[in-house]
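**Q** I have a structure I would like to understand better, so I am pasting it below and will then ask my questions one at a time.
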Amino acid sequence: MDYKQQVGVQSHVEQMGSVEDRSMDDLDDECLHSPGTDARKTQASDSNRQIPFSDKKLPLSDGFPIVGNKMTRNRIYRSIKTVVFSNKLNLLMPFGPLAILVHKLTASNGWVFFLSLLGITPLAERLGYATEQLAFFTGPTVGGLLNATFGNATELIISIYALKSGMIRVVQLSLLGSILSNMLLVLGCAFFCGGLVYHRKEQVFNKATAVVNSGLLLMAVMGLLFPAVLHYTHTERRVGKSELSLSRYSSCIMLVAYAAYLFFQLRSQNDHYSPINEEGSPHGDNSDNDEDEAPEISKWESMIWLTILTAWISILSDYLVDTIQGASEAWDLSIAFISVILLPIIGNAAEHASAIMFSMKDKLDISLGVAIGSSTQISMFGIPFCVVIGWIMGQEMDLNFQLFETATLFITVIVVAFFLQEGTSNYFKGLMLILCYLIVAASFFVHEDPTSTDQKKQPQT
């Protein structure tokens, strides 16, 4: 009996052992197909291939370096495809190199100027696109300032090259034209397009922001008005010097005021560019509208593209400035009309695209920040900055923009301030602003600038 029990227990133990062996085998088979085991096997195989059995290390034919290079190439290709080949306006990009080629082969200044204008147009728009992509990573307030800053980069680059060449009058007129274009044409198009999309309601924006910007624009008009009045009333204590001294002093004051405005906007009023509801109060819950919005390129890609586009615009701006006088003679157009109307329309392509796009998405505060913010930045930073840069270069640029131009700016600021005082917009207001810009354009078309470029041109030092 004891023997039988012993034999039974032994056979039972053997069966349990065989079951455990089978279960362990099954477990090993399952583990062989688990992701962790696959990863360990891959690492083990890679490490085995890297063991230096000889002086040469075996290359990782399917390893990380080649995969990383391939991913980098794909990323670069995707970035170029997104930025360069995703917009039909970029079909104008070849006109930039063509302008340089025509300048080298011929002496046709009119064609070089025209081709340079066409070549800069898509670059200015793409500059705005790269800025918008970068704004995804910075927030609405800094994003609005970035749009205004890089939107004006084209005008500032052209102005610096013109200032370097001593073409002070071109600098004054192009900066003035940029302010007029942003306040009337860009803002008018934004109001008009947004009003057509949302024609059943009035779009609203932050009235406090509009009041602050209108006040800064009036301050800029004051800075431009007094040197002109001083000149035309012949009341200078030191003839030919008091006007320039007043301009430089006022420019420094305006730069301080703009720096204080930036501090006020970034630190104290962070919701200036936040969308607001119909009651006029800011709201930050915008997830429904922004669900389908995501950056198409990364932050570093945006910064690299901004650098590339700015450099290419600088090259074309040099050719543009060199041929503006010849284009004026070839086309029988005054330099005033070319500088005030044609150059800003090309340079403000980024503002046009940004302001219209945001207004059609019912984000009128950002459109206002781009259009009016850009005008404020040019008047309170761009113009004084060029005066100071000219001071450093030895160029006597002042704030006397002549009587006709100063009066045009003053009336424009008053008109736009009236349109903004209610804090609402519709397509009719936009149409009125566009028609006002057409009146300004016609005025400069028939206006002959009393101070020609040759008279204002200073010798290079």
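Glycine residues also receive a Cβ, built from the backbone N, Cα and C atoms like all the rest.
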**Q** Looking at 84-103, 144-163, which one is transmembrane segment according to TrEMBL?
**A** 144-163
**Q** Residue list, the transmembrane segment (210-234) vs rest of chain: Cβ under 8 Å, 6 or more residues beyond ends.
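**A** For the transmembrane segment (210-234), the list is 183, 242-243, 246-247, 250-251, 253-254, 257-258, 261, 368, 372-373, 375-376, 379-380, 383-384, 398-403, 406, 409-410, 413, 416-417, 420-421, 423.
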**Q** Can the transmembrane segment (370-391) be said to touch the transmembrane segment (427-447) if we require at least 3 CB pairs below 8 Å and skip pairs under 6 apart in sequence?
**A** no
**Q** Reported in the order helix, strand, coil, what are the DSSP residue counts of the domain 'Sodium/calcium exchanger membrane region' (303-444)?
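**A** For the domain 'Sodium/calcium exchanger membrane region' (303-444), the helix, strand and coil counts are 119 helix, 2 strand, 21 coil.
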**Q** Tell me if the transmembrane segment (246-264) touches the transmembrane segment (333-350). I count contact as 3 or more CB pairs below 8 A, with pairs 6 or more residues apart.
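**A** Between the transmembrane segment (246-264) and the transmembrane segment (333-350), which are separate recorded stretches, there is no contact, as judged by 3 or more close Cβ pairs.
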**Q** With a Cβ cut-off under 8 Å, give me the same-chain residues at least six positions beyond the ends of the transmembrane segment (246-264) that come close to it.
**A** 145, 212, 216, 219-220, 223, 226-227, 230, 376-377, 380-381, 383-385, 387-388, 391, 397-400
**Q** Grab the same-chain neighbours of the transmembrane segment (303-321) for me: Cβ-Cβ under 8 Å, and only residues 6 or more beyond its ends, written as numbers and ranges.
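**A** Distant contacts of the transmembrane segment (303-321): 79, 83, 96, 99-100, 103, 112-113, 116-117, 119-120, 123-124, 126-127, 130-131, 134, 150, 153-154, 157-158, 161-162, 165, 167, 170, 297, 343.
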